[in-house]
Amino acid sequence: MPRGLELLIAQTILQGFDAQYGRFLEVTSGAQQRFEQADWHAVQQAMKNRIHLYDHHVGLVVEQLRCITNGQSTDAAFLLRVKEHYTRLLPDYPRFEIAESFFNSVYCRLFDHRSLTPERLFIFSSQPERRFRTIPRPLAKDFHPDHGWESLLMRVISDLPLRLRWQNKSRDIHYIIRHLTETLGTDNLAESHLQVANELFYRNKAAWLVGKLITSSGTLPFLLPIHQTDDGELFIDTCLTTTAEASIVFGFARSYFMVYAPLPAALVEWLREILPGKTTAELYMAIGCQKHAKTESYREYLVYLQGCNEQFIEAPGIRGMVMLVFTLPGFDRVFKVIKDKFAPQKEMSAAHVRACYQLVKEHDRVGRMADTQEFENFVLEKRHISPALMELLLQEAAEKITDLGEQIVIRHLYIERRMVPLNIWLEQVEGQQLRDAIEEYGNAIRQLAAANIFPGDMLFKNFGVTRHGRVVFYDYDEICYMTEVNFRDIPPPRYPEDELASEPWYSVSPGDVFPEEFRHWLCADPRIGPLFEEMHADLFRADYWRALQNRIREGHVEDVYAYRRRQRFSVRYGEMLF
């Protein structure tokens with residue numbers, strides 16, 4: 001290789017990342033216009049386009065590098081020099097942390113995810129921990145109640161860049177003050193002030209004002225979801241001021257925010273104070289930097305592994321027919337491997353399963369589908385694997401495993417947030433907790449369906465319960481669009497004997513679903529059946545599902561709320577907004 005080529009390659013990779021993040025910011029900056037125009041289908045398409053940008057630009061850089069090197073092979077010393085040059089470019093680079101992830105992605109694409117060593121990759125960052133570059137302007141603005149909270153909130157709202165008229169600004173301000181007074185008390189509120197992010201956070205059909213409520217006893221989140229009426233007027237739907245509420249808004253089961261962040265590390269650090277339960281990976285994920293979130297997630301896994309004496313075990317719950325799932329007992333994530341062979345009733349391919357997981361990545365997850373990170377050639381030390389799990393891996397996924405002696409390499413897996421399987425949760429709870437879980441499950445089904453997602457397999461074992469008590473779907477191998485399903489009523493039996501026959505008396509085609517049958521597997525438990533009939537009986541009617549399909553086909557995009565209906569100002573304070 002010619003001398004100096006290492007620097008050219010390093011510069012080419014960094015320039016490629018510049019191009020990628022520039023397009024990322026360009027797509028993100030269109031969020032305000034899409035919101036103001038109420039172009040919800042464009043919102044959905046922009047989200048998909050932004051997700052695809054990263055891999056597209058990695059591919060462009062890989063082709064450039066193949067041209068630069070004329071396809072010649074490179075030795076280890078050459079690759080180390082490339083990384084050294086790249087590292088020297090980062091100290092003054094504003095997005096150094098994501099640039100390292102981009103370097104990793106280019107390397108993995110070039111070398112087909114082989115030889116993934118710390119010497120060749122940024123397994124951990126080359127820069128000091130939580131180091132930030134000079135911020136050209138503050139991320140947020142402070143507002144003090146020098147003339148009272150009504151004046152303060154009027155200034156906050158007047159500072160917003162949105163160009164639509166407000167339905168009733170004074171009403172919304174009084175709702176916020178009423179909520180804050182109930183939360184803090186009049187005296188504490190008078191001594192508090194706000195710090196509000198300069199950029200709005202856009203997602204689905206809402207623009208979120210994100211801020212900090214700074215009180216004498218600590219800092220609280222201050223979140224205002226701004227929506228539009230059917231007439232295109234703005235209103236504030238609620239005010240959220242607890243870390244639990246903020247955690248759900250920024251949750252792993254929701255689509256990524258569109259927020260203009262030229263310095264993502266600084267924004268992540270600013271958010272950390274109001275989202276103390278979120279990891280660095282989760283914060284990057286929330287603002288749409290999902291590939292760097294994957295890097296941070298892997299680092300969190302390595303740090304945990306280094307500090308524990310645990311072994312991987314099969315994850316609790318009913319064993320899946322498509323995926324082999326394992327975990328570390330104290331770690332909050334699960335590892336999912338597609339089995340070599342599926343149960344006979346699962347007539348699908350591994351490629352189909354991967355396509356389903358990609359669909360979830362790109363779709364609006366409406367707070368009801370867990371996000372995943374996809375890994376190739378994932379290395380595990382044998383000493384960290386329990387004998388029972390090792391036996392299971394070799395039995396169910398041998399084709400995806402390479403034995404390296406002291407290690408194994410799993411060709412492909414997903415990492416996902418660990419939850420309590422809903423079937424286990426339902427066995428353990430009674431009373432109000434049981435009622436809440438069934439209400440949550442039905443709401444999850446409804447919200448997925450409204451977002452054009454049919455889970456396919458609706459058994460409780462395919463859903464999990466988060467630490468906030470939310471029910472989330474996590475088994476995607478039978479997922480499909482609502483519009484692809486044919487929801488049918490079961491025809492009446494022709495003769496009395498029909499109901500006793502082992503085969504149905506009616507024809508069943510691929511894609512046919514009979515909602516009446518849901519009752520058999522969802523209501524078998526006598527504790528659960530009456531709750532279902534009370535709260536979700538319409539889920540057992542085909543006409544309910546067909547009506548949803550019609551709304552989807554007509555282009556209607558449902559509102560998605562990251563909080564309970566009872567928290568909406570219109571419900572809490574009695575005035576309906578429409």
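Just so you know, glycine gets a Cβ as well, placed from its N, Cα and C.
Features of the protein shown, as given by Swiss-Prot:
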type: ACT_SITE; residues: ASP371; note: active site
type: BINDING; residues: ALA315, PRO316, GLY317, ILE318, ARG319, GLY320, MET321, LYS336; note: ATP binding site
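Structure coloured by features recorded in Swiss-Prot.
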| residue | record | DSSP class |
| --- | --- | --- |
| ALA315 | ATP binding site | coil |
| GLY320 | ATP binding site | coil |
| LYS336 | ATP binding site | strand |
| ASP371 | active site | coil |
So for ARG319 (ATP binding site), how many other CB atoms are inside 10 Å of its CB? 13
Could you give the maximum C-alpha to C-alpha distance in Å for the residues ALA315, PRO316, GLY317, ILE318, ARG319, GLY320, MET321, LYS336 that bind ATP per the record? 14
To the nearest whole angstrom, what is the C-alpha distance linking ARG319 (ATP binding site) and the residue listed as 'active site'? 21
In this structure, which of the binding-site residues ILE318, MET321 has the fewest other Cβ atoms within 10 Å of its Cβ? ILE318
A 10 Å Cβ contact count, applied to the recorded positions ALA315, GLY317, LYS336, ASP371: which residue has the minimum? GLY317
Does GLY320 (ATP binding site) have same-chain partners at least 6 apart in sequence with Cβ under 8 Å from its own Cβ, and which are they? LYS339, ASP475
State the Cα to Cα distance, in Å, between LYS336 (ATP binding site) and ASP371 (active site), rounded to an integer. 13
PRO316 (ATP binding site) has how many other Cβ neighbours within 10 Å of its own Cβ? 13
Distance between PRO316 (ATP binding site) and the residue listed as 'active site' at the Cα atoms, whole Å? 20
Sorry to bug you, but what's the C-alpha spacing from the residue listed as 'active site' to ALA315 (ATP binding site), rounded to the closest Å? 18
